[in-house]
Each structure stands twice: as structure tokens, then as C-alpha cells.
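Asks: One structure is given below, represented as C-alpha cells, and several questions about it will come after.
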Amino acid sequence: MAIKIGINGFGRIGRIVFRAAQHRDDIEVVGINDLIDVEYMAYMLKYDSTHGRFDGTVEVKDGNLVVNGKTIRVTAERDPANLNWGAIGVDIAVEATGLFLTDETARKHITAGAKKVVLTGPSKDATPMFVRGVNFNAYAGQDIVSNASCTTNCLAPLARVVHETFGIKDGLMTTVHATTATQKTVDGPSAKDWRGGRGASQNIIPSSTGAAKAVGKVLPALNGKLTGMAFRVPTPNVSVVDLTVNLEKPASYDAIKQAIKDAAEGKTFNGELKGVLGYTEDAVVSTDFNGCALTSVFDADAGIALTDSFVKLVSWYDNETGYSNKVLDLVAHIYNYKG
């Protein structure tokens, strides 16, 4: 029996979550809520400048979407409490608007009949965050959870392997991050972040990110040991994390590479990093990861070691596809939780 999900918000992540769900037998999208017109919704699902045409049929019938012959209820409610998820048997609501990131606001989905809620962004309160390959085993039946951020999903698995093998004394992270929808096509008003208001296609823009600090929430042993920042760059998708750390146990760069490779292949960490962490020694660039479902692909040849305790590690991620696939992994994990 497939897990029935409803998606609130059909933007970049909402649509890529939907696309990813089409490749899973265990998850079925039964409802979508967004304020856009259903015909426009169908158009945006069919055609994607980054990921290409939708692999299947998309039609509109009686105000609903019909995708590959299956009818999906479409609504346009501003208040999640009015979504009546219960009427279509929604097990888990995927909150992808970016607007309801606290327990209080996301709980409206449960009022509407959903059993549980997954937030597709870092929570803005104490709502717990879970990252596959890092702390799924800490889930204890909570009805509202967060899948953290795309950058935390890249950084945390890598940091876990390094810390639990060699120990991280402290570290700094930089993410070179693709453009996102909040940025401006040309210079425009941005009262809180002046640099963020500059034209996205013209600039490399320094920005803040809470991704490194958030690692401490999913991996408590690293709480207070990592911080970081971002550079927004003029590419449409795929980002890369640069993690520079002081190690507690000296190690050669080859030993670090081997530890990450073993984890990626599922030979260590009880196989928890397989399907999450990747490893490559190829001469890759960002577009080589477009559409990659892994959330962190370690680039062995891009990293460097200054000493046997001070190293720079580089890991790629498709900030849309990888993250959206892990949203669905979290959906499946909390649905199948037995206590």
C-alpha cells in the first residue's frame, strides 16, 4: 500500500518532489495545493528549464491534474487548515511553501487531516530536523519534522564520516551555491540583505547560511564546532560544499579518502551512507551532477591537505534533486516507524 502524500507549495522543491515520487512504488501524490492556476501548474510540471520535460503524461481535467492517468486533487487554499487532507486519505503532508516552518503553523496540516508533516526547509523553532545517513535513528514518532536544508544534507553526511573516524576539532564550511528563486534577476530591493538584492546573473554574492550550525542539531557531537557562509553564483543548479577542518586524529589524505569511499559503498556505518554519500575520482564539474539523487558526492581529487590534521574536503550536490529525494526518504521513514 503506497504512502499517500499531499504537497503544499508547487515551486522548485514541490515540483521536484513530485517528479521524484513518480519513480517510487511506495509513495503516491494524491493532492497538490498552490495558489497558481491548474493549467499553469500543468505547464510548469511538463516543462523544466533545469531538469527537462516531464517523463510522462500531464493533463487537466475538471480542475485537477491527471498525471500518467492518475487524478490528483488540486486546491488553492491560503490556509493549510482548510486543505481537508483527510478527505483524500493523506498520510503525510509535504510542506513546501517555505511559509509554515514552525510546529504551530505546520500543525494546521494535521488539523486538515494529515497524520504527519515533513517540512522542506530548516525549522524556525525547535521542530526536530532529520538528515538521512546522519540521524534517522533519532526519530521517535514526532508528527512534525524537518528535512533540514539542501546544504545541511550535503555537509552532515560528510562531516559524520570524518568526525566519527578521525574527529573534527573545529571547521569552516563554504558552499558555492547555485541561484535560487529568492534572488533578483537584476538589481532590486532587498532591505534585509543588500548584497542579496544584486543581479543574480551578474555577480558572485557572499551570503549567510545556517547549514553548518544546523549540523550540530542533527549531529550533536559537532554542536558549536562548525560554522560557515555561502557564495551565490550565476548557475541554475548544483552546488558544492568546501569543508575545511582541523582533525583530532592525524590522518593522511589517502586515509580520509578511503574512509569516505567505504562509507559511500555501504561498507561502514551499518550501510547508512549508501544512497546518500557518493565518491568520485573523475575530473567532474557541476553540471555532471544535475539530476543526481545523492545528497553529497565527495570529489576526491578536488580536496587538499596542508598537514595531516588540517584538510579541505569538497563535496557536490544537486540542491534540488538530491534534497527532494531525501524528503521522500524521510516521508517513508516516519511512515514506517514502529517505535
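Placed from the backbone N, Cα and C atoms, the Cβ positions cover glycine too.
OK, Swiss-Prot features for this one:
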- Cys150: active site, nucleophile (ACT_SITE)
- Arg12, Ile13, Asp34, Arg78, Thr120, Asn319: NAD(+) binding site (BINDING)
- Ser149, Cys150, Thr151, Thr180, Thr209, Gly210, Arg232: D-glyceraldehyde 3-phosphate binding site (BINDING)
- His177: site 'Activates thiol group during catalysis' (SITE)
Asks: Taking the Cβ of Thr209 (D-glyceraldehyde 3-phosphate binding site) as the reference point, list residues of the same chain whose Cβ is under 8 angstroms away and which are at least six residues distant in sequence.
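Replies: Expected: Ser149, Thr151, Thr175, His177, Gly228, Met229, Ala230.
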Asks: Taking Thr120, Ser149, Thr180 as the binding-site residues to compare, which has the smallest set of other Cβ atoms within 10 Å?
Replies: Thr180
Asks: On the Cα atoms of Ser149, Cys150, Thr151, Thr180, Thr209, Gly210, Arg232, which are listed as binding D-glyceraldehyde 3-phosphate, what is the maximum pairwise distance in Å?
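Replies: About 16 Å separates the two most distant Cα atoms.
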Asks: Using an 8 Å cut-off from the Cβ centroid of Ser149, Cys150, Thr151, Thr180, Thr209, Gly210, Arg232, can you name the remaining same-chain residues around the D-glyceraldehyde 3-phosphate site, in sequence order?
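Replies: Not counting the recorded site residues, we get Thr175, His177, Ala211, Ala230, Ser239, Asn319.
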Asks: Relative to the Cβ of Arg12 (NAD(+) binding site), which residues of the same chain, six or more apart in sequence, are found under 8 Å away?
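Replies: Long-range Cβ contacts: Thr180, Ala181, Glu320.
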Asks: In Å, rounded, how far does the Cα of Arg78 (NAD(+) binding site) sit from the Cα of Cys150 (active site, nucleophile)?
Replies: 26
Asks: Considering Cα atoms only, can you say which of Cys150, Gly210, Arg232 is the nearest neighbour of Asn319 (NAD(+) binding site) among these recorded positions?
Replies: Cys150
Asks: Given a 10 Å Cβ-Cβ cut-off, pick out the one of the binding-site residues Ile13, Arg78 that has the most other Cβ atoms nearby.
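Replies: Its Cβ has the most other Cβ atoms within 10 Å: Ile13.
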Asks: If you draw a 10 Å sphere around the Cβ of Arg232 (D-glyceraldehyde 3-phosphate binding site), how many other Cβ atoms fall inside it, taking every protein chain shown into account?
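Replies: Around the Cβ of Arg232 (D-glyceraldehyde 3-phosphate binding site), 24 other Cβ atoms lie within 10 Å.
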Asks: Let's check the environment of His177 (site 'Activates thiol group during catalysis'): how many other CB atoms sit within 10 Å of its CB?
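Replies: For His177 (site 'Activates thiol group during catalysis'), the 10 Å Cβ neighbour count is 23.
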Asks: Let me know the DSSP-derived helix, strand or coil state of Arg232 (D-glyceraldehyde 3-phosphate binding site), please.
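Replies: Going by the DSSP assignment, Arg232 (D-glyceraldehyde 3-phosphate binding site) falls within a strand, counted as strand.
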Asks: Give me the largest Cα to Cα distance among Arg12, Ile13, Asp34, Arg78, Thr120, Asn319, the residues the record lists as binding NAD(+), in Å as a whole number.
Replies: 27
Asks: I need the CA-to-CA distance for Gly210 (D-glyceraldehyde 3-phosphate binding site) versus the residue listed as 'active site, nucleophile', whole Å please.
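Replies: Between the Cα atoms of Gly210 (D-glyceraldehyde 3-phosphate binding site) and the residue listed as 'active site, nucleophile', the distance comes to 11 Å.
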Asks: Could you state the CA-to-CA distance between Asp34 (NAD(+) binding site) and the residue listed as 'active site, nucleophile' to the nearest Å?
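Replies: Just about 22 Å between their Cα atoms.
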